[in-house]
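Per Swiss-Prot, these features apply:
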DOMAIN    137-319  domain 'Guanylate kinase-like'
BINDING   GLY144, PRO145, SER146, GLY147, VAL148, GLY149, LYS150, GLY151, ASN304, ASP305  ATP binding site
ACT_SITE  ARG177  active site
ACT_SITE  ARG270  active site
ACT_SITE  ARG281  active site
Amino acid sequence: MGEAPAVLVDHPENGHSNGVCVKSEPENTEITVDVGDRIFLIGGTHERNNFSIGVQIYDKISNNWFSPIVLGTGPKPSKGYSAFVLEQGRILVIKKGSPRNDSIWFLEVDSPYVREQKKLLRKEVVAWSKGVRGNAEKPIVISGPSGVGKGTLISMLMKEFPSMFGFSVSHTTRSPRSMEMDGVHYHFADKKVMEKEIKDGKFLEFASVHGNLYGTSIESVEAVTDSGKRCILDIDVQGARSVRASSLDAIFIFVCPPSMKELEDRLRARGTETEEQIQKRLRNAEAEIKEGISSGIFGLILYNDNLEECYKKLKNLLGLDGLAHVNGVEIEGINLPIEYAVSKMEDKIIIQETGKETRNKIVVDISSLNGGAPGRTRGILVDAIKF
């Protein structure tokens, strides 16, 4: 890629970022951001994905350019960008001329998630995270052995609070069965595509079952949250372990039977399985209960000895007793003016409209950010000031 571009860098002490726009062609706007001993070139298109912004890194010590592994679903190319270096190894990127729900993004270059991925992949890594206004209720991970009643508890939640909870739609590489609809029962995916997305860090958890992949994508969980609902994930202990290791901030609940004898009685009462199948389920359940209680994955343990009482305890743990549903998530993004200048003052980004007869401002407060790559970054507060 050649030598590093000569750029002018605004000084942070003047209240401005060190992000500067550089144009090689009218429709190929790029921006450079100086972070320590590296320069990040953001813009153009990704070398393997023409629908995502490209990222290149220039190392000042070795005087070399290189392409990092880019994790997460990245933003589409735009007509221009403004960028600011934030704490926790993040770069705030504001896209010019973009739809209101696609204007704010974060490129993580040295966050805890990125550092962990660097260790795992043994390569240079960056990760994209979409910025979202407001906050949302934490997703709920519910695990427990087969026959413990967790499915019934979830159904009771969904029936009593239909507008509050939602399920993420899982991905699978198996073929659709009769009456199954893509995007409703599963997202039916090509195996090579799903394998690549798993490698790119786009899945919270996955497993191979009889030669087919099954998994929960980060985007499917975020889509439920974006709709204003609280996502419920009904997954096994291994899946919960993967979610716990991710950046998703969730509540982890494990449901236990009152005893193995009670669990065996429930399985036999179904009348749908052979003796061999029942014994296999009991062996698996015993191992799963042991791991669920002692692994440290689950912060909350429920014993389902009485369904109604267990459900009351579940609602109490989730803060649902006598409370109306209030969700602070807002996904509409920000309406940016056509022409504007951007500056930074402490934890606030000031977007100043630059028309002839206007002094309107948009103040973006980033003091309460939470979440992050490879999911959404939430907690953005916006205040419009009109003159």
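Cβ atoms are placed via backbone N, Cα and C, with glycine included.
Of all the active-site residues in the list ARG177, ARG270, ARG281, the shortest Cα-Cα distance to GLY144 (ATP binding site) is found for ARG281. Within the group of recorded positions (LYS150, ARG177, ARG270, ARG281), the Cβ with the highest number of other Cβ atoms inside 10 Å belongs to LYS150. Confidence annotation: the domain 'Guanylate kinase-like' (137-319) carries a mean pLDDT of 91 in the model.
In the three-state DSSP scheme, VAL148 (ATP binding site) is classed as coil. A gap of 33 Å separates the Cα atoms of ARG177 (active site) and ASN304 (ATP binding site).
Taking all protein chains in view, 26 other C-beta atoms sit within 10 angstroms of the C-beta of VAL148 (ATP binding site). Summarising the ATP site geometry, the residues cited as binding it (GLY144, PRO145, SER146, GLY147, VAL148, GLY149, LYS150, GLY151, ASN304, ASP305) extend over a maximum Cα to Cα distance of 15 Å.
Ranking the recorded positions SER146, VAL148, LYS150, ARG270, ASN304 by the distance of their Cα atoms from the Cα of ARG281 (active site) places SER146 first. The Cβ of ASN304 (ATP binding site) lies under 8 Å from the Cβ of GLY144, VAL148, GLY149, LYS150, LEU153, VAL255, CYS256, PRO257, PRO258, CYS310, each of these being in the same chain and 6 or more residues away along the sequence.
A separation of roughly 12 Å, to the nearest angstrom, links the Cα atoms of ARG270 (active site) and SER146 (ATP binding site). Applying an 8 A CB threshold to same-chain residues 6+ apart, the list for SER146 (ATP binding site) reads LEU267, ARG281, ASN284, ALA285.
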